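These notes concern the structure reproduced below.
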Amino acid sequence: MINIFTNNNEKKLGWIELITGCMFAGKTEEFIRRLRRHGYAKHNVIAFKPSIDSRYNINSISSHSGSMLPSFPIQSTEEIKIIFERENKKRKIDVVGIDEVQFLDEKIVDYINELADNGIIVIVTGLDKDFKSQPFQNVDRLLPMAEYVDKLTAICHSCGNLANRTQRIVDGIPAKWNDPLILVSAAESYEARCRNCYISPPKE
């Protein structure tokens, strides 16, 4: 059971912060900065990341610039619940961070809302669009739910203008429309693209 009252018997205030945008926009860098700031304020912080994101250390969240933050690798919302309840018994958790929320099951949205309703500050990152420039699951539902939303942009890899789309490149050409949303391949890469330089994946 989450304790939603302070020592003065006042209800703790929870909310949701969503950091979104395309790849290479600095979402994880900002995410780490915010969680560290809460740590400096002596708040008890816990962070999670989908275990599918194994680009760097499996037990830490890492930005492209090299910033790192210890985290629990998880595969499902149920795992987050179990770990949160366990850690919350050891120390009352004030802040929960969840990176790459688009890779988790759809139950995560309701659980994030439950945490915020129970006095927890929840800071979340996620891509707003997939490589087809379609809304990504979970982020699309969190957008109207979050109290604070920051949509970050990157720099277009092609022309240098502001970018808000993610281009998936496979074997040197844009990925096809019917390719899986989540793809792990040595031949796969991503680029941030602006509206003009983004190439919509072919549907054939």
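Cβ atoms here come from the backbone N, Cα and C positions, even for glycine.
Heads up, TrEMBL stuff is auto-annotated, nobody curated it.
According to TrEMBL, the features are:
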| type | residues | note |
| --- | --- | --- |
| ACT_SITE | E100 | active site, proton acceptor |
| BINDING | G21, C22, M23, F24, A25, G26, K27, T28, D99, E100, V101, Q102 | ATP binding site |
| BINDING | C156, C159, C194, C197 | Zn(2+) binding site |
| BINDING | Y190 | substrate binding site |
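Taking the features listed in TrEMBL, we show where each one sits on the structure.
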residue : record              : contacts (Cβ under 8 Å, 6+ apart)
G21     : ATP binding site    : K27, L127, D128, D150, K151, L152, T153, A154, N164
M23     : ATP binding site    : L127, A154, T166, Y190, E191, A192
A25     : ATP binding site    : L152, T153, A154, A163, A192
V101    : ATP binding site    : I108, I112, V124, T125, G126, N138, V139, L142
C156    : Zn(2+) binding site : L162, A163, A192, R193, C194, C197
C159    : Zn(2+) binding site : C194, N196, C197
Completion exercise
Least Cβ-packed of the binding-site residues C194, C197 (other Cβ atoms within 10 Å) is C197
Exercise for the section: Mind giving me a neighbour count for the residue listed as 'active site, proton acceptor'? Other Cβ atoms within 10 Å of its Cβ, every protein chain shown. Expected result: 21
Exercise for the section: Would you count the other C-beta atoms found within 10 angstroms of the C-beta of K27 (ATP binding site) for me? Expected result: 27
Practice task
Tally every other Cβ atom lying within 10 Å of the Cβ atom of Y190 (substrate binding site).
Solution key: 15
Problem - DSSP-derived class (H/G/I helix, E/B strand, else coil) of V101 (ATP binding site) - result: helix
Practice task
Would you list, in sequence order, the residues of this chain other than C156, C159, C194, C197 that have their CB within 8 A of the centroid of the site's CB atoms, where the site is the one recorded for Zn(2+)?
Solution key: H157, S158, G160, N161, A163, R193, R195, N196, Y198
